[in-house]
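Some features that TrEMBL has for this protein:
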DOMAIN    A:60-165  domain 'THUMP'
BINDING   A:Leu183, A:Leu184, A:His208, A:Phe209, A:Arg265, A:Gly287, A:Gln296  ATP binding site
Amino acid sequence: MKANCILLRYGELALKGKNKKEFENRLVKNIREKLKQFPGCEVTRVHGRIFVELKEHHSEPVMEACSEVFGLVGISPAIRTEKDWEKIKQAALAITEEQGERIQTFKVNSKRADKKFPIRSLEMNHRLGGFLLGKLSHLRVDVHHPDMTLSVEVRSTHAYVYGNSLPGLGGLPVGVSGRVMLLLSGGIDSPVAGYLALKRGAELQAVHFHSFPFTSERAKQKVIDLARILTRFGGHIRLHVVPFTDIQTEINRHCYESYTITVMRRIMVRIAERIADRNKALALVTGESLGQVASQTLESMRTINAVTTMPILRPLIGMDKQEIMDISKRINTYETSILPYEDCCTVFLPKAPKTRPDREVAERLEARLDLERLIQEAVDGTEVIDLRPEQEEEFSCF
Amino acid sequence: MAYLDNSATTETDPAVISVMADVMKKIYGNPSSLHGIGVKAERLMEQARKVVADALSCLPHEIVFTSGGTEANNMVIRGVAEAYHHRGNHMITSPIEHPSVYHVFQYLKQKGWKITELPVDSSGRVNPADVETALTDETVLVSVMHVNNEVGTIQPVEEIGNRLKKYPKVMFHVDAVQSFGKIPLHPSRSHIDFLTISGHKLHGPKGIGCLYKRKNLTLPSLLLGGGQERGLRSGTENLPAIAGLAKAVLLAKEAEETFYQKYQTWKEMILTRIENELTGVKINGDIDDGGAPYILNLSFPGLKSEVIVHALEKEQVYVSSKSACSSKKEEPSRVLKAMGLTDQEALGSIRISMGRMNVEEDIKQCCDVLVRTIPALQKVMKVHKR
């Protein structure tokens, strides 16, 4: 007997009162979207849990896909069987045997939702426990700290048998918290910030500033690749690539070298805000962490933040570099992030950037630029790239 | 004509050839060049890498392109020896590995490494429990192939991987050259750290292969230079062959299930004919589920492999004696010897190996020729009178 369905559990959602229904619907929709790659898989929600019917698919790849959906806290392969005592026993044996010698102790936790089923849950616990002990000699029962809890649920149509669950990603289903605009460079931090925004249920769009020939086609491609990796968690992601060459050239011509970063970032925020407005995003997201580099001192943040009234979310604010790197490795953006291409933040890096930039100085310097025209041209020239998890390949030769 | 030496190499699929020709004509850039022509070549290479990664259910950056299986095997074993000798000086392998694994271990033995060669049973299979017993605090690497190239026995690499899970310091290498594209194996699910594959065994080009290297593991480079393949394998990438490999992988994946069934039917067909119509024959390896259905190894004690190969060749049936890489030496196969065969049995063995280009007619022809030729040879060599 092999797992023929997957049981998915969601945690925090259960607490969300009135919005519960909306959250649950969104979660199921996201799972269906994610499992589109497995034709025939059916997703159904019953009593605070979600079942995926595997049909002819193997459990592992489907479980892997589910482990990339925010809002789930537990994923277990399960056997759905008829409400027949012999079949339930065989399913319990199959689930336990599958674990091999990895588990030494277990307990049985039965639930009898269908009260017409003749065996009561306590009795079912005893009988199944005894049956398994007889079949598998290395096992012992431990009701307090078992290596595996074998769960049996007898419901109105079927019985479900499952063992330990893999942890899900947690968080909230993507899409329940509204839309945000991520400032995506090619570095390690911003993709992680985007991931964390997704984790809290935000729907993600991203903006990237491209300064050809100062930054290369490869740098742009790298950002596209990073955004595409995030689609595994976020579904559809729209990437806005802003032509930034003219603005950078103008900044370099007219501003003090020590202020170029400050002015550049103030302009980036203004452009991102406009693109966010146009796309009905309610907040900006950046990969800033406090004190990491010159532009991330509090003074600098205040000076940059002053150009917008839109909230700027900084999910990495409390994290050390190592923690950020750990997440980026886990979500597989790290290997792409470390590819060594110049990005817009490194090309014009001044020797001594101002660590405590002054708002008034920044404003005075910006007055030397034809700011409104530059920003409008950049926004109008923005290239929009829609990224989806299932992407058409670039070359058709194979 | 019946070409039944597909474990030595395969006929290149015409679709692979046309992809390669296309790439040679149109995408000649150096993937490392900064300009757009280089970028295009790099993009194609990355797409090919993704195709291979998908086939192994792994990440693209876990795939390193090499010149073939031999290089990948050398890279892992010599690389681990160089980079991890501070952890210990012991490695575990089997006596039935391909020469590109076997001889690297022989070399390391000379350099002072302790090498454990696990025993195999009469069908040529390693016992997973033996792997665990052989582990010491000094063990850094276990290397066991997936499907043996001479007899086709499938090694229990998944179970070995599962057992090794408890020993995070021990790395696990699997030479999957003979199984990739024919028998599914997912390195990450089986706790395999390194896995070798080769292009020309699955109707792809020669001179290309790759190594799956689990992420976050480091290996030193055998070749120093321009730092291609993330510094692991310098040398301008062989883009036409890489594209050809990707095509071959896709074609193999499409055909995997149907051909597995075909090979099973064909293998049974040969076995039935042999059992009914020949005497003085011994079937080597595992003829049930534990053996790859596309490899069949037969011994005709008293005859010489080479003579059988040529006699069959005369009738346009092409098989092999031992593995092609070691068949020029006149010695009993060490793989067959490890399985407990006598010298006579080992010296008179041939290998029939099927591929995707074979049709049922080839198998029939092979059977017909075998049942006609072998008794004639046995008569000349007076096999049954001894």
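Just so it is clear, glycine is given a Cβ too, placed from its N, Cα and C backbone atoms.
No curator has checked TrEMBL annotations; they are predicted automatically.
A quick note: this is a predicted structure, and the numbers were derived from the prediction, not measured.
Broken down with DSSP, the domain 'THUMP' (A:60-165) shows 39 helix, 29 strand, 38 coil.
Ranking the binding-site residues A:His208, A:Arg265 by other CB atoms within 10 A of the CB puts A:Arg265 at the bottom. Sequence-distant neighbours of A:Leu183 (ATP binding site): residues of the same chain at least 6 apart with a C-beta under 8 Å from its C-beta are A:Ser190, A:Ala206, A:Val207, A:Met268, A:Val269, A:Ala272, A:Leu284, A:Val285, A:Thr286, A:Gly287. Its Cβ placed at the centre, A:Gly287 (ATP binding site) has 24 other Cβ atoms within 10 Å. Of all residue pairs in A:Leu183, A:Leu184, A:His208, A:Phe209, A:Arg265, A:Gly287, A:Gln296, the annotated binders of ATP, the farthest apart have Cα atoms separated by 19 Å. Under DSSP, A:Gln296 (ATP binding site) is assigned to a helix (H, G or I) in the three-state scheme. Looking only at the domain 'THUMP' (A:60-165), the predicted model's pLDDT averages out at 91. In the three-state DSSP assignment, the secondary structure recorded for A:Leu183 (ATP binding site) is strand.
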